[in-house]
Structure formats: structure tokens, C-alpha cells
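Feature annotations, reproduced from Swiss-Prot:
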- GLU137: active site (ACT_SITE)
- HIS136, HIS140: divalent metal cation binding site (BINDING)
Amino acid sequence: MSDLTDAPQANTDTLTTSAPDKLSGFEWWRRSLQYRTGMGISEDEKKQFEHDYRAKSLPKQCTDCVANLDWMLNYSPSVIFMMDHVKKIGGNISKSNIICDVCDDYKGGGFHPEGGILLCSNWITDKWQLEDILTHELVHAYDFLKFKVDLTNLKHHACTEIRASMLSGECRIFNEIKKTGLGDFGKKFQSCIKRRAILSVSANPNCKDTQEAEKVVNTVWQSCFNDTRPFERVYR
């Protein structure tokens, strides 16, 4: 699963979309400005704006997701490479089972051995993020076939998450500098991979807590971080 650790948190409260006059024109501009500046807006109003923004954006997000997926399947070196290697070891991932859809959960996508790959159009912000997420999920698909991953085994889960975040480009150094600045420059790549792997493993029903997830990730770190198959090295 590809987690979106740096996007706005999803609101779990039950909200309804505001009236049409609040979703366009001057009123929408005013609400957008309040949200961006944090001035004159309550926490409840922030949650309502986030809900309205997602509802207002859904049709375009789904259209963009499908268009960007088509582009990546034809032109992205990492996606084409991973699709080819999944196919070589018996996988059946294709455009027919890579689906753009709306997700309630706070994630960018997911992989299921029988269902294929899900891309969460309402959380994906641009073409290049979709490329990272799709590559991430294709690494999971490869691992399930190549290494017989069993997600009830936390070490298996940790290893495939380490590899997926490492090989997908999600933790490329310039992304991390944008998020966290220049501090600990030499450790940013590894820190990002560990953070994402721990977050994913901690959500596993068989994991007791974050401390256990961190322990498992550290246990398998050396072998999994050094395994770049099917790539020769980390390119992205």
C-alpha cells in the first residue's frame, strides 16, 4: 500500500457537501483564501472546506487519473520496466485491472493479488505522484510473485514496503528536501523509506503497535534495503 504521509489528513466525521452557492464564485474564493491563510476560519470550517474540496474535485480527479495512467503505461520508464518484469514471472497486471477510483482510506493506492492495482484518484495530486504510486504497487505485485509474500508475516510485509518505497521514487532526495529541509541530508532517503514502511506495517492487523512495526522494519532493513531486484540499482 502506498501511504500519503504528507497530504492533509482525511476527515472521518460524517459531513455533507455544502450548497452549490458555496462551491463557486466569490464565496468559494473567500473560503479557499481563509483555508490557505488560516485567518477567520474555525476547525469545523476547515473540515467542511476539505470535504467540499474533495467533493468538488472528484470528477476532474478521476478523469485526470485515467489520462495520467494511460500516459504512464505508454511512456514511463519505471512503469513499463516493472510491468514487463511482473509479466515475465507470471503476473497478469494490465490496464484492465489497474483501476482509478475514489478511496475513503488515507492512501494513494493498493495492490491485491487477485484484484490488481487501485489508484486513489481523490488523493493523487499530479501525474508524477501517480507514477511513484503505480511503481510502488507494481513492486508489491512483483514481490508477491517472486518471493511469495505473506502479509500475515510482518517481516514479509516490512520487506516489501521497504523495497516499494525505495524503488518507486517516493523517497527521492529532492522530495524530502521540500518536506523537511536540508537537515540530516545524508539520511533523508533511508529515513523516508523507514518512515513509510513503519507506517504501513503498523496498520497490519497482526502488528501490536508502532514500536513493534519499527522493530520489525529494523530487523529486515539491511537485506531488504540492499535488494533492488528487478532493477540493477536504485534509479529513481
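Glycine too: its Cβ is placed from the backbone N, Cα and C atoms.
Take the binding-site residues HIS136, HIS140: by the count of other Cβ atoms within 10 Å of each Cβ, the lowest one is HIS140. Packing around GLU137 (active site) is summarised by its Cβ count: 26 other Cβ atoms lie within 10 angstroms of its Cβ, all protein chains included.
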